[in-house]
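Novice: This is the structure I want to talk about, given as structure tokens.
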Number of protein chains: 2
Amino acid sequence: MIERTTIASLDKFEDQKVTVCGWVEKIRDQKTVQFIVLRDETGSAQLVREKVDRDPVCELISALPAESVVSVEGVVKLDPRVKLGGLELKVEAIDVLSKAETLPINEETSLDKRLDWRFIDLRSRRNRLIFEVQTELERSYRKTWESEGFIEIHSPKLMAAASESGAELFRVDYFDTSAYLAQSPQFYKQMAMAAGFNKVFEIGPVFRANPSFTSRHDTEFTSVDVEISWIDSHEDVMNFEQHLLTEMLGHISETFQDEIFSTFGVDVVVPKLPFPRIKLSDAIDLVERSGHKVERTDGDLDPEGERRIAEFVQREFGHQFVFLTDYPATVRPYYHMRHPENHTLTKSFDLVWKGLEITTGAQREHRYDILVAQAEEKGLELAPLQFYLDFFRFGMPPHGGFGMGLTRVLMILLGLKNVREVTFLYRGPNRLSP
Amino acid sequence: MIERTTIASLDKFEDQKVTVCGWVEKIRDQKTVQFIVLRDETGSAQLVREKVDRDPVCELISALPAESVVSVEGVVKLDPRVKLGGLELKVEAIDVLSKAETLPINEETSLDKRLDWRFIDLRSRRNRLIFEVQTELERSYRKTWESEGFIEIHSPKLMAAASESGAELFRVDYFDTSAYLAQSPQFYKQMAMAAGFNKVFEIGPVFRANPSFTSRHDTEFTSVDVEISWIDSHEDVMNFEQHLLTEMLGHISETFQDEIFSTFGVDVVVPKLPFPRIKLSDAIDLVERSGHKVERTDGDLDPEGERRIAEFVQREFGHQFVFLTDYPATVRPYYHMRHPENHTLTKSFDLVWKGLEITTGAQREHRYDILVAQAEEKGLELAPLQFYLDFFRFGMPPHGGFGMGLTRVLMILLGLKNVREVTFLYRGPNRLSP
């Protein structure tokens with residue numbers, strides 16, 4: 001590796017000669033002295049060079065474009081008057097490793113144009129923090145899965161048929177036939193239950209051919225999926241999910257609380273257990289009594305309803321999360337199990353965090369005959385589903401699970417409004433590049 | 001959760017009534033007694049029921065198809081004469097949760113037909129072990145990345161243009177235009193370097209429209225990708241990779257050595273550091289002196305050559321791994337950096353493990369002008385590459401990395417011959433289902 005001292009550790013090298021490497025954030029080229037602010041992945045520091053006529057180092061600095069990548073040799077001087085970390089580096093030599101052109105974006109640039117130049121946009125400490133938090137968030141999930149003996153699966157993204165409704169499906173030219181991109185690992189994580197894997201998780205891409213341009217939609221995103229066998233009901237699935245999220249938020253609070261607050265102005269609140277649970281029908285009553293007429297006629301809640309129920313839960317229980325349970329079968333897929341005492345209701349739930357839905361989960365119907373009947377009741381053609389229905393013909397344990405959008409959780413955690421900001425490279429109907 | 005005792009913990013419940021849940025592996029329905037072998041995710045145990053005329057439990061057992069899922073209540077009796085774990089469960093009640101049809105496959109069935117019924121095939125302890133090892137293998141990689149401050153990325157799988165050569169590319173209908181499935185995260189992990197992410201990794205699917213049916217090829221597989229900034233040369237990349245693999249093999253050896261040996265008959269050897277490194281031209285000399293004429297004319301080694309060089313390294317250095325370095329530019333992509341003293345050779349490597357290539361890595365060319373010149377030298381059209389070339393125009397640090405097929409590593413680790421066996425659900429030119 002290039003022998004370099006990271007900027008965060010410069011204070012340990014007082015009066016010593018070191019090499020620092022990074023991006024030129026700013027240059028102030030004054031009459032008698034030149035300053036460079038240099039940035040690496042650990043922070044920024046001020047470099048200084050006394051200005052002397054015809055000094056090749058000074059001339060190089062004068063001509064150096066911002067955001068060029070340089071390697072700089074110099075001596076560390078601690079100086080409490082320097083605002084940036086209380087030290088500066090007296091420059092002795094500079095090597096330009098990669099000269100930058102004039103930047104196409106600045107802090108005023110619109111989000112869409114910043115996405116055109118995402119690699120420059122991601123250089124800010126603010127944006128890098130998003131992905132440090134994401135890395136830590138996934139790490140925390142994995143610790144919970146590890147301690148509970150989960151197996152990780154990588155399910156295929158190329159399928160012969162639709163995994164869900166058949167709408168919003170991307171078609172792929174597949175040799176002499178067509179394949180489709182998986183909209184979720186739903187069928188395959190259930191297959192792992194048929195295989196006796198007991199508890200599985202997957203973090204991977206899913207694809208939705210959704211032509212909408214809202215701040216919450218994208219055509220490709222990272223999904224966090226969990227499936228568990230030997231459950232009694234969807235209550236067990238909710239119990240596991242609230243555990244997973246509480247562990248994660250505790251961990252993020254410990255590691256990033258202060259920086260998230262100073263950067264994004266949001267508190268990371270570690271939720272109390274259990275999360276409040278409200279039947280969907282009760283939630284709709286509550287919302288309507290609060291003066292909002294739910295506009296959907298299919299029995300589901302609308303986004304304004306989700307916001308109001310979240311307000312109610314915050315007020316009554318002091319909680320940011322609420323499980324809405326027992327959705328009507330009309331708004332749920334055929335494979336959600338129904339309540340034995342009321343076949344119009346499913347053993348399913350959504351999880352709402354700060355007014356936004358982050359999860360759909362359920363106990364799945366594991367009895368072949370009932371599953372087939374429910375598919376027929378929905379008017380589905382069975383032939384394309386047969387490969388999935390087959391999973392239930394040779395011994396399937398009771399099971400359930402949930403899917404959770406990684407970027408959506410990250411967006412809410414950081415108080416951001418647009419999924420594009422928390423996605424490494426956003427994909428939408430008009431965006432496939434860079 | 002269903003209140004159940006796992007089979008592996010039954011010995012702690014002598015003379016107590018417990019419930020076990022699982023798959024009916026075998027039934028012996030004798031004149032005076034009935035035996036069931038029941039399997040859950042922790043092992044198998046024998047259940048026993050004295051046969052009495054018109055006993056409904058006995059009648060249920062007599063009619064129970066193999067692989068049905070049942071919940072069984074009974075009393076644990078320790079008995080050293082019972083081969084299976086030295087205990088049995090005296091059955092008091094059985095609840096059939098999911099009745100199995102007659103199985104379509106057995107131990108004699110061909111691999112291809114077993115893949116049709118993959119969820120049944122995966123029920124064997126042998127096959128589940130593969131995915132337990134895979135889970136642990138990835139966990140180990142992640143521990144190394146965590147300790148070295150890597151950021152995890154999820155790069156998009158939908159692209160506007162080819163990530164590599166343009167061959168073997170799957171086309172997707174994307175609203176009114178076309179998208180392509182990423183053949184590797186190559187460009188995007190390099191973009192993370194331009195963004196100042198310093199060190200990144202990704203584990204995710206990649207797609208290759210390769211029409212071949214060999215035991216080593218698939219159209220979708222899980223790729224492990226690493227990219228590191230501030231390297232001096234490809235030697236740094238090799239140093240990191242050998243560290244990653246050695247930690248992983250140490251970890252797998254500790255956790256699974258015995259079971260891997262008893263199941264697959266292979267030893268998990270923890271390699272010594274550093275791994276041997278041989279220049280490709282020297283390797284070809286060695287192979288040809290051993291009596292094998294390398295058939296490829298492009299200056300690369302052929303598979304028989306890889307086997308012979310692995311034999312040589314095992315013999316001379318007692319090592320299962322060998323880095324082959326300094327590939328000619330003719331067989332490497334334009335973005336591999338060339339040696340300054342010899343522009344026909346790249347600062348690149350392959351890693352061969354037990355005679356099979358598992359990795360390609362390199363220092364990347366980070367200087368825009370040289371990168372463009374190398375692309376032109378290869379006769380590439382620049383326009384579709386411009387989004388990638390742009391990454392190098394605004395400050396790019398020296399960097400390099402490698403990609404490694406997850407299933408290929410797993411296959412070699414377990415001494416298996418076919419990538420289909422170590423893939424959760426294999427995808428090939430003729431296989432998109434289940």
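Glycine too: its Cβ is placed from the backbone N, Cα and C atoms.
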Novice: The ATP site in TrEMBL includes B:Gly405, B:Leu406, B:Thr407, B:Arg408. Which of B:Glu316, B:Glu341, B:Glu357, B:Glu365 is also listed there?
Specialist: B:Glu357
Novice: For the record in TrEMBL, which of the ranges B:86-89, B:102-105, B:186-189, B:286-289 is the region 'Aspartate' one?
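Specialist: Checking TrEMBL against the ranges B:86-89, B:102-105, B:186-189, B:286-289, the region 'Aspartate' one is B:186-189.
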Novice: Inside 8 A of the center formed by the CB atoms of B:Glu357, B:Gly405, B:Leu406, B:Thr407, B:Arg408, which other residues of the chain have their CB, for the recorded ATP site?
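Specialist: Surrounding the site, in chain order, are B:Phe221, B:Ser223, B:Ile358, B:Met404, B:Val409, B:Leu410, B:Met411, B:Val419.
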Novice: Around the Cβ of B:Leu406 (ATP binding site), how many other Cβ atoms lie within 10 Å? Please give the count over every shown protein chain.
Specialist: 22
Novice: Identify, in sequence order, the residues in the chain of B:Arg364 (L-aspartate binding site) that are 6 or more apart from it along the sequence and have a CB within less than 8 Å of its CB; answer 'none' if there are none.
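Specialist: Long-range Cβ contacts: B:Gln190, B:Tyr335, B:His336, B:Met337, B:His399, B:Gly400, B:Gly401.
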Novice: Where DSSP helix means H, G or I and strand means E or B, what are the helix, strand and coil counts for the region 'Aspartate' (B:186-189)?
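Specialist: Helix, strand, coil within the region 'Aspartate' (B:186-189): 4 helix, 0 strand, 0 coil.
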Novice: Would you mind listing, in sequence order, the residues at least six apart from B:Thr360 (L-aspartate binding site) in the same chain with a Cβ closer than 8 Å to its Cβ?
Specialist: B:Ser348, B:Phe349, B:Asp350, B:Phe402, B:Gly403
Novice: Return the residues near B:Gly405 (ATP binding site) by Cβ distance under 8 Å, restricted to its own chain and a separation of at least 6 in sequence.
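Specialist: B:Phe221, B:Thr222, B:Ser223, B:Val224, B:Ile358 - these are the non-local Cβ neighbours of B:Gly405 (ATP binding site), listed in sequence order.
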Novice: What count of other C-beta atoms do you get within 10 angstroms of the C-beta of B:Arg208 (L-aspartate binding site), across all chains shown?
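Specialist: Result for B:Arg208 (L-aspartate binding site): 20 other Cβ atoms within 10 Å.
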Novice: Three-state secondary structure of B:Arg208 (L-aspartate binding site) from DSSP?
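Specialist: In the DSSP reduction, B:Arg208 (L-aspartate binding site) maps to coil.
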Novice: For B:Arg408 (ATP binding site), write down the residues of its own chain that are at least 6 apart in sequence and whose Cβ falls under 8 Å from its Cβ; none is a fine answer.
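Specialist: Counting only residues 6 or more apart in sequence, the Cβ neighbours of B:Arg408 (ATP binding site) under 8 Å are B:Arg216, B:Phe221, B:Leu356, B:Ile358, B:Val419.
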Novice: Which residues in the same chain, at least 6 apart in sequence, have a Cβ under 8 Å from the Cβ of B:Glu357 (ATP binding site)?
Specialist: B:Glu306, B:Asp350, B:Leu351
